Amino acid sequence: MQPTDPNRFTDQAWDAIVESQTVARQLRQQQLEVEHVLLALLDQESGVAAEILAKAGVAVANLRQPLEDFARRQPRNASGTQLYLGRGLDRLLDLAERARELWQDEFIGVEHLLMGFVEDDRIGRRLAQGLKLDAKTLETTIQALRSPAADEAEAEESEPSYPFLSKYGRDLTALAEQEKLDPVIGRDLEIRRVIQVLSRRSKNNPVLIGEPGVGKTAIAEGLAQRIVAGEVPDSLKQRRLISLDMGSLIAGAKYRGEFEERLRAVLHEVTHSDGQMVLFIDELHTVVGAGAGQQGSAMDAGNLLKPMLARGELRCIGATTTDEYRRTIEKDPALERRFQQVYVSQPSVEDTIAILRGLKERYEGHHGVKITDGALMAAAKLSHRYISDRFLPDKAIDLIDEASAQLKMEITSKPSELEDLERRLLQLEMEQLSLSGENGQASVHSDRLQQIQTELQTLQEQQARLNQQWQQEKQLLEELGRLQEEEETLRQQVNQAEREHDLNKGAELKFGQLEALQQQRQAIEEQIQALHANGQTLLREQVEEADIAEIVARWTNIPVQRLLESERQKLLQLESFLHQRVIGQDEAVVAVAAAIRRARAGMKDPSRPIGSFLFLGPTGVGKTELARALANCLFDAEDALIRFDMSEYMEKNSISRLIGAPPGYIGYEEGGQLSEAIRRHPYAVVLFDEVEKAHPDVFNLLLQVLDDGRITDSQGRTIDFCNAVIVMTSNIGSQFILEMGEEEASLDAVELKVLGALRQHFRPEFLNRIDDTILFQPLSRGQLQQIVDIQLQRLKRLLAEQAIALNVTPAAAANLADRGYDPVYGARPLKRAIQRLIENPVASLILEQQFDAGDALIVDVDAEGQLQFQVSKPVTATVVEPDDSPAIAVEAIPS
């Protein structure tokens, strides 16, 4: 094909010429002609040519078929691959060029090609006459379709008939008329301020600035609803509020200047609408810099907006977050001064409850459930208290939405009672099949088979009854959901009729169909309430406070649900649970347990951690073990303990590891070890082990954690410690505690000495913020005996995994306690003694294969005070004489 300059054409016109080559090749024709180009134009996705022809009264199908027939009759050449420009197409391009010059356009567009087609002597004029289309009619249609935004085809992408606002915008007022927008509750001051700015003569462009989720977009939707209701000044009545979709505006803009031309066309349509259009740009910061990479930094979208904004030709509402406004808009003072700031603050809990009450019917209709007022209040209060990284009302609305979705899923799924029953039935049927299939054993199992048959019959009757009840309840709830949806639709129709002043239709709907639906719904609700009164319901239809608390607990890992009876008993007996692992240290155990009970009963200070403790005492007395036991008791897992060995934070710069490196340093994006751990697991036990070894600057960081329950990490995020237990351990003053020995009378004097040593090392403002400073006393021999039992239980569990039982006599346990007792080092020498005196010999016996599965290892003390081991074989059904007992003697292990 001969070269043709693509710079003479708009993008769509050139795309049609390029695509015409594909059409010609499919027809195996070497000569590119008019029919190929027109077929390509009719096939374009944008449909500009088809739209122009349709407006001119030509059915596209009536034109396509004759074109295809004519093209198939042209000569074919299967061997040729080179395409040539036909004489007819060359003539068409000349005619299109004349039309361009006549209309004073810069590029040849689709409309110019169509004008050339109807004047084409070869095929176009003949087909056009058959369809009653002439050049004059087509020209009139094209001029009528020319968008105000594109009087000339001055850019490569622009097509005069393109409906830019409908393609790149969303009419909020039309959605408000159709009742498709959620009701906007409150925000009267902000909406009034927006209306006030829009009513100005110049710079009439408000920008809504607020945190994500506070309701900036909802304010624009509220304005659209007020425009539809006529509750606005005359300057805004009958106006259209169009939300600009920046995503679709930018998407696919691959050619030079394409994005800018799209935006310019949209802005021209708005400015030439005689003030009928108000533009809403959500995420306004995306406009600044958009498109700058295509034609240089001077040609971004923000610079296209500035002149129109300053002159008042364009009324535009922007919305962006506080951070993005600071990062983008404020850096361009010329753009910033053209917008008037309207700050949108987070609503209070009371305002959020009012917003949720306004949205309640929409969510009930969507999910087909009922939402109690208590659930709405719980959503506002619990989200405000426990979800600190998001903002009201968005997080409260999300709680209601997810809790409703969860309940709807439960309604459509089988109840847990029915599933448990079916599993039990399956288990019994498998057992029955197994016992019946054993040859010759049927008589042996006859009693059990009879029991299974009786139980199966009972369970099957129960299953049939529950199935019937479930289907009945499910049908009632589904019918209730359907009626709620219909009621919501009717309400929308009533509102629309009232807006249109169609009082007859409104009264007919409101007092006829709507009342009938409400009576049906009330009857079904009474049936459901009757089932509830009998206490026989399998399904729930109401979202309650407990559902909201469950969602909050799932999101945050903070237990905010109502206490179950099992957990209530566990909390009341928390000291005994902790004492199963921590021997002695009653004061510390009682203080920690009391703090946990206060928190779960809702009596703690909401702005401080659950508890902050400083454990003091010599090594090995249970300071770290108590923190581990607490984590295990609360979370049933020791790995729930967030532990920091403060000996790793002895340098000044190591504090950045806790809250994150400052900007400009490596690791800034990764966050801090402490801040990230608490952000992901806010309900945790945080242990700062051997806190006195840390650099003094670390304690400055801990001040706000202990007092306000919060810190700010390197990225400016607030980390909430209000649901954490802070435990710090230290060996400061342990020498004074060791001097005390077992004399109770010297406790006060020792405590004074220890506190004096604390004051010398820690500053008063740090010590004053700790809830309780607890002294751990040295372990006595009696307490060490109890620790022996705990340590041996661990060893018994390890051996039980190898089918070996371990029996330690009381004398052997006392012997271990004596050998492991050291008041200076606490319980750690005992652990080493057990390792040396029991674990090492047992490991050797296992490797020597002295044990079989089911054997028992007995540990006792001989006459010389040394431990001895004996392997006991399991007793079999065969009676063996005592003299033949195969006992294995093991030499005593010296100390």
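Placement of Cβ uses the backbone N, Cα and C atoms for every residue, glycine included.
Per Swiss-Prot, ATP 1 binding site is recorded for Gly210, Glu211, Pro212, Gly213, Val214, Gly215, Lys216, Thr217, and the stated evidence type is similarity to another entry. DSSP assigns Gly210 (ATP 1 binding site) to coil in the three-state reduction, placing it in neither a helix nor a strand.
What Swiss-Prot lists as ATP 2 binding site is Gly617, Pro618, Thr619, Gly620, Val621, Gly622, Lys623, Thr624. A coil conformation is recorded for Gly622 (ATP 2 binding site) in the three-state DSSP classification, outside any helix or strand. Take the CB of Gly622 (ATP 2 binding site) and look out to 10 A: across all protein chains shown you find 25 other CB atoms.
The annotation coiled coil is assigned in Swiss-Prot to 397-533.
Residues or ranges marked as domain 'Clp R' by Swiss-Prot on the basis of sequence analysis: 6-148. For the domain 'Clp R' (6-148), the mean pLDDT of the prediction comes to 75.
Annotation comment: Swiss-Prot describes 9-74 as region 'Repeat 1', evidence class sequence analysis.
Under the heading region 'Repeat 2', Swiss-Prot lists 85-148.
Annotation comment: Swiss-Prot describes 163-346 as region 'NBD1'.
Residues annotated as region 'Linker' in Swiss-Prot, with similarity to another entry given as evidence: 347-557.
If you look up Swiss-Prot, you'll see 567-778 marked as region 'NBD2', on the strength of similarity to another entry.
What Swiss-Prot records for 779-895 is region 'C-terminal', and it gives similarity to another entry as the kind of evidence.
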Largest tally of Cβ atoms lying within 10 Å of a Cβ, found at which of the binding-site residues Lys216, Lys623: Lys623
Winner by Cβ contact number (other Cβ atoms within 10 Å) across the binding-site residues Val214, Val621: Val621
Cα-to-Cα gap, Lys623 (ATP 2 binding site) vs Val214 (ATP 1 binding site), nearest whole Å: 45
Lowest local Cβ density (other Cβ within 10 Å) among binding-site residues: Gly210, Glu211, Pro212, Gly215, Gly617: Pro212
CB contacts for Thr217 (ATP 1 binding site) [other CB atoms within 10 A, all chains]: 16
Rounded distance in angstrom between the Cα atoms of Val621 (ATP 2 binding site) and Glu211 (ATP 1 binding site): 50
C-beta crowding around Gly213 (ATP 1 binding site), within 10 angstroms: 18
Top Cβ-contact partner of the region 'NBD2' (567-778) among 9-74, 163-346, 347-557 (pairs under 8 Å): 347-557
Cβ-based neighbourhood (8 Å from the centroid) of the ATP 2 site, residues Gly617, Pro618, Thr619, Gly620, Val621, Gly622, Lys623, Thr624 excluded: Phe615, Glu625, Thr729, Phe776, Gly826, Ala827
Nearest of the binding-site residues (Gly617, Thr619, Thr624) to Thr217 (ATP 1 binding site) - Cα to Cα: Thr624
